[in-house]
């Protein structure tokens, strides 16, 4: 709810006698209530909540005639049915001219052909209301249309939507679906417009989904709707007999002169007098070739062949055009060649000989004119054979393939025609390196090649042995010359350095009760022995690398090198939005040089006046770090102000603040794909930092910021933060404090931070995101967290978490840092999951803590329903439970999901959180009582 006040204020300089008691500000307060009373609330400041102290931002008038009107707008979260506003004046001379109280709604709008009704904003400015739209008339849903209504009354991030039905075209400007006009059609749903009917078809009315073909034109069932209607082809042309003998006929023809507007013409040959033994090549009923060979025919027989031309619409027309021809086969020739034999075989050569046919006395017509020999691979078609015609009784085929089985046949031709081929003789050519059936020249070539190969192998063995000996000698010298910390395989134990390979086994990544069995197969297969620093990925040759500002003696020099100086006159501070370690964090405007006409929103960190030199150096160091980074998922440094007070760091403004707070405020409002998209952005930013050789050390959801478009960016690069154990889970070891719940085991034990330890933290961030900002390890102490991790315990899968994402977490939580994925691996895997959303449908088994376990919170010790709701951070529903008569824990243990809906608890995430606690409460109450709850 918003309140707008218009007022005037007199300058205190007009009252010199009362200068000490004069003020130029007044306070705005409010009091909420659920039921109206006859009397207003008591006029006591303690009964009201302070909205803010208001000063004259436009100015004060200091004469009797000048009047300056100020306007101030404030907002409050709405938690009850009514509210009183109060103004408190403690010495100011003010006049309140007008008061306006109102709330903001996102207006009714149509987007993606879905209509979204007017939607009031949430009870707080940071709350997001999710609205589900409905398809406009004549549209069908493609994905649930969802629009997010933010606290400023604007719509953000539409997802899903609708498409116009077939027969209707989209009017994008008006967001309407209109009927296709006459002569046009649209055959599928979508946002595209209606199309003109293809050739030889028409649409005679409005809203056609398919144009109808003209008479004698057809459209096949598999033809696309935008294809022109077509006709069957005409008959083939120029049917010719290419060859004929006693048993074989070869026919050929030309394509039809009219194809019917198609390119799928096929042919079919029909022979009325052919027996079952006749064979066709090609041997399919329909084919594309314009040639066919028919074998197995009878000698001196007349055959009629019909050649049909058909295409995809011939069956619809019910008629096919054809051409026919009559052929008579030749008389049989009894000239059969005998005794076919292989005389020589080489790797690429076959020599064949045979005996001439036996000719009867007086059979002059059977004298052999020539022989035909054909050779083809055993499993190939005889029509593709290599053919030699000769008058000799032998032939040689050259250029054959080694290690191939060949078929050989011979036939003779007399004056009466060709005789039949001899039965097939098979012979396999030897391997090119083989010694069987090779001639003298081939044998010599083989010996030369074999000798050369042996010599090369011996030489390679000698080179490899010498190389290994030299590398071992150098490696020993290098390790002896270097400092202990330079060796990749060093371990730190009890302050001592041990240079040996780590061969300890991998600890089970998750423990459920007492079972220590492995859950699932890791998404990554890590390379054993990879250096730990590789867990973050490394840049290629010449890649830009991070420079530690601590290497500079003067921090101001580092700032000058990595950050640009901004004139304080270009900066306007609008409001304080938080407090940091060094000072206030404000929202403001930055005028962009050179003309200063363009303004952008920025976040401004200020250094407290009078801060020590160490604080100033640390403040500037953080700016020097940020100034080296430029990536879409890393917070961008606009510049610094160091030449005037206060010293400031200017960064881009992130409207939704820290990721953990944002998720808790919008519990259950996002789709899984949106959450995975946030994780992908974080992984991409960390991949960039790792490739810059920068180790973050404190990656957590609280250190990730979110802008209005839900883009996540890595932030908080301060190296000297004071972390309070009570609020951030820090654990003190020698050398400083570290956030235990987010830190890898080796970093806790040995303070060894690498990109691999950042990967562990990335796994915790994944858990925070999928659980909507829940605290890792809940209310466990730091010592309990450390002991549990060492024993192999890992956080359970958050509610409704996809199995693929939970497996990603477990991979990040491998005890051996060399077994963890790199940030490049994580980014690539998250990209694949986003591109294939079906992989996110399988939900990980919820391995929640046992409510009867010794370390589980004892809910039976709570004394009231409000206390129970507070323990699970659901206090906002305490009044709803009280109004419904649920005032005892026994009654709360009997609550169902349907009752939660009737209580006004409609968010799915909140329902699941409450029902999980109800289940635990029911189990604990049953265990401590003689009876049981039903």
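Heads up, the Cβ atoms here are built off N, Cα and C, so glycines get one too.
Where the annotation comes from TrEMBL, it is an automatic prediction and has not been curated.
According to TrEMBL, the protein has these features:
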ACT_SITE  698  active site, proton acceptor
BINDING   577, 578, 579, 580, 581, 582, 583, 584, 585, 605  ATP binding site
DISULFID  12-22  disulfide bond
DOMAIN    1-111  domain 'Eph LBD'
DOMAIN    235-332  domain 'Fibronectin type-III'
DOMAIN    336-432  domain 'Fibronectin type-III'
DOMAIN    571-834  domain 'Protein kinase'
DOMAIN    860-924  domain 'SAM'
TRANSMEM  448-471  transmembrane segment
Given the cut-off of 8 Å on Cβ pairs that are 6 or more apart in sequence, determine whether the domain 'Protein kinase' (571-834) and the domain 'Fibronectin type-III' (336-432) share at least 3 such pairs. no
Please give the average pLDDT for the domain 'Eph LBD' (1-111) in this predicted model. 82
Residue 698 (active site, proton acceptor) and residue 577 (ATP binding site), distance between Cα atoms, whole Å: 23
Can you tell me whether DSSP puts the residue listed as 'active site, proton acceptor' in helix, strand or coil? coil
Pairwise CA distance, residue 22 (disulfide bond) versus residue 579 (ATP binding site), rounded so that it is a whole Å: 30
How many Å lie between the Cα of residue 12 (disulfide bond) and the Cα of residue 583 (ATP binding site)? 30
Rounded Cα-Cα span from the residue listed as 'active site, proton acceptor' to residue 585 (ATP binding site), Å: 20
Among 22, 577, the recorded positions in question, whose Cβ has the most other Cβ atoms within 10 Å in this structure? 22
DSSP puts the residues of the domain 'SAM' (860-924) at 45 helix, 0 strand, 20 coil
What does DSSP call residue 585 (ATP binding site) in the simple three-state scheme? strand
Residue among the recorded positions 12, 585 whose Cβ has the most other Cβ atoms within 10 Å: 12
Can you check which residue among the binding-site residues 579, 583 has the largest number of Cβ atoms within 10 Å of its own? 583
Residue 583 (ATP binding site) to the residue listed as 'active site, proton acceptor', Cα to Cα, whole Å, comes out at 20
Taking DSSP as the reference, which of helix, strand or coil describes residue 579 (ATP binding site)? strand
How big is the Cα-to-Cα gap, in Å, between the residue listed as 'active site, proton acceptor' and residue 579 (ATP binding site)? 19
